[in-house]
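Copied over from TrEMBL:
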DOMAIN    1-162  domain 'Photolyase/cryptochrome alpha/beta'
BINDING   Y281, S294, T295, K296, L297, S298, D474, Y475, D476  FAD binding site
REGION    385-409  region 'Disordered'
COMPBIAS  387-399  compositional bias 'Basic and acidic residues'
SITE      W403  site 'Electron transfer via tryptophanyl radical'
SITE      W461  site 'Electron transfer via tryptophanyl radical'
SITE      W484  site 'Electron transfer via tryptophanyl radical'
Amino acid sequence: MYLIYLLRRDLRVSDNPIFHHLQQHSKFSHILPLYVLPPNQVEVSGFLQDPGSDSPYPQARSRLGNFWRCGPHRAKFLAESIWDMKQSLKERGSDLIIRVGRMDEVVRQILRHQEYKGKVVAVWITKDWASEEVDEERMIKRVIQQEGDGKIDWKVWDGEEMLLHDNDFATSDPAQVPDIFTSFRKSFEPLRDNIRSPYKPTSTQLLPLPSEIPAQAAPFSIPASLEEFISALRKPVEDSGFGPPILKPQGASTAHPFIGGETRAHARIVHLIVSGCISSYKDTRNGLLGEDFSTKLSAYLALGCVTARQINAYMVAFEDGKDLPDFRIRFDSEMTDFSKTQGSGKGENKGTAAVRFELLWRDYMRLCMRKYGNNLFSIEGLRGQRSNRDSKNKNDSDSSQHWSDLSSPETRTSFSRFLRGETGTGLIDASMRELALTGYTSNRTRQNCASFLAKWLGIDWRLGAEWYESMLIDYDVANNWGNWAYVAGVGNDPRGRDTDTGGRKFNPVKQAWDYDPQGQYVKAWIAEFEEVPSKRARKGERGWVDVLFQAWQVNDIFQKSTDVREGEVIDKLKKLDWVNDPLVKIKYQPRSEARTF
Ligand SMILES: Cc1cc2nc3c(=O)[nH]c(=O)nc-3n(C[C@H](O)[C@H](O)[C@H](O)COP(=O)(O)OP(=O)(O)OC[C@H]3O[C@@H](n4cnc5c(N)ncnc54)[C@H](O)[C@@H]3O)c2cc1C
């Protein structure tokens, strides 16, 4: 009696509802854990046996911008996470079988295999509410009905990847999810008391694999090593198609050097607690540079390498001064408790509370995706549906807003400059370059970039969301599209669009002065600024930091410079197109106390 377990964004053995269930009530003799790389989301031509041949699938590119849907940074993190899961399953007497193809086709092939005919009694998967995954589930169900003679149990399990549990919501009807986060949040206060514990640790021995494993169907083959696997995923998508490679400044180092997988996720959480980063998170979370200003757990969460409830369990152990939770996974921590960590045993602190708060935002974005479905991907976002539903809200949809698309050459040029970080607005350019070079950029700069594209440039915000999908290591359907819609003013932001009543439009120059007052972040990511001197401006005057934030001002600011070195830097900057011709010029003078440099 075989079970096929189809894994998607649940790449973990611990706190996994299916493994948990199997531990208690298994009627099966064997399990086939299967990960299928979906060719519509991940480019699979790197797996062709004959690299010169054509893939049977169209390239995995986005709808509007034609970007690779899974770019090189996430491709690597995904490969590492899959491999880590493979290792963990091997240690438990099983394995993760990797295949390329549409999931329903792969399932059909297996069900028709001689060794499997009549033996497969169940096919299980965990729920994913994104529309492509919902379609995928429908197609697999059809295959099971066609091939299984009514004898195969098809079950879609609750993925349990949220902080809160579905059964803890007042209603299971997604339509009842409040359109304002604060109203949602208030029904779960105090949050810490409303979070369930993760499941008990998964056994160190799992049911074995079936004796025969159906081969990967032609024309693809699956590499045997992690290095080859990474290369097969990355190689085809290394060229984004947007001009020559972006120059990496010499001193720039990624804020996200982390390796994918469940075991690394747990090691990261322990590091965050022991180093005190979790406790200081509330004060540092708007940081721009470095590994530890925020948790960098998003990519692990996005692939289900760890659950929000597991993160909470570690924080509770720290707050209560108890032993580390035991998830029985291979990770090299010698720690058994947090007793020597400052703040241990002293209850919830500002930092741990703020992490819980952000994880609740994540839940909220997921619930909004359930509520609004495919509207999340429409130009009117969540607002379109709402205004159709309720004619009183007609004005709310703000049909006066017209975003430009790539049909006009001017928009194509502006958009390509935005992607390459050549707009002439320093904070935006630094973030877009950091993103392209590393796959990560902070929440603060994400908000600014989204606002810049949608509100300053007036370009269709979905192009930005697609680019983020391509580039981000931590891409997550609900979080990405939900946040883009929110900032563009068509999501669940009560302040809405840029109207007379004051919609949310970030001023990226003010934001740079507020969050990067010495221009260190901007300088770190824009290679052309490497030689800009770190020199204070005279009191009451403008100086180099003003240039970092809006380089077109360089002429004005340094009319009378007599310093030879400065003169050389100025001359070089004046030769750059994006310095002479910025996409926008923003008038902003910082308050004198903001001008620390
Ligand atoms: C335009 C835009 C696009 C975004 N795209 C994504 C995306 O594709 N994937 C993604 O995970 N996050 C996305 N975010 C949310 C947020 O920027 C990232 O979760 C965060 O920067 C990841 O870094 P971290 O793990 O260090 O976050 P931390 O600040 O340490 O936060 C802890 C966790 O809380 C959750 N979280 C934090 N902020 C948000 C938020 N605004 N919305 C929902 N959950 C949040 C994340 O799971 C995060 O890992 C986006 C935000 C914006 C403005």
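The first residue you see is number 1, and the count goes up from there.
Even glycines carry a Cβ here, placed using N, Cα and C.
Just so you know, of the recorded positions Y281, W403, W461, W484, the Cβ with the fewest other Cβ atoms around it within 10 Å is the one at W403.
Ranked by Cα separation from D474 (FAD binding site), the recorded sites W403, W461, W484 are led by W484.
Nearest by CA distance to Y281 (FAD binding site), out of the recorded sites W403, W461, W484, is W484.
In this structure the alpha carbons, written CA, of D476 (FAD binding site) and W484 (site 'Electron transfer via tryptophanyl radical') are 12 Å apart. Note on T295 (FAD binding site): other Cβ atoms within 10 Å of its Cβ, all shown chains, come to 21.
Reported as a whole number, the C-alpha separation between W461 (site 'Electron transfer via tryptophanyl radical') and W484 (site 'Electron transfer via tryptophanyl radical') equals 7 Å. Cβ environment of L297 (FAD binding site): A265, R268, I269, L272, V306, I311 lie under 8 Å away, each six or more residues apart in the same chain. Mean model confidence for the domain 'Photolyase/cryptochrome alpha/beta' (1-162) is a pLDDT of 96. When the Cα positions of Y281, S294, T295, K296, L297, S298, D474, Y475, D476 are compared pair by pair, the longest gap among these FAD-binding residues is 22 Å. Cα-Cα distance from T295 (FAD binding site) to W403 (site 'Electron transfer via tryptophanyl radical'): 34 Å (rounded to the nearest whole number). Of the recorded residues, W484 (site 'Electron transfer via tryptophanyl radical') and W403 (site 'Electron transfer via tryptophanyl radical') place their C-alpha atoms 14 Å from one another.
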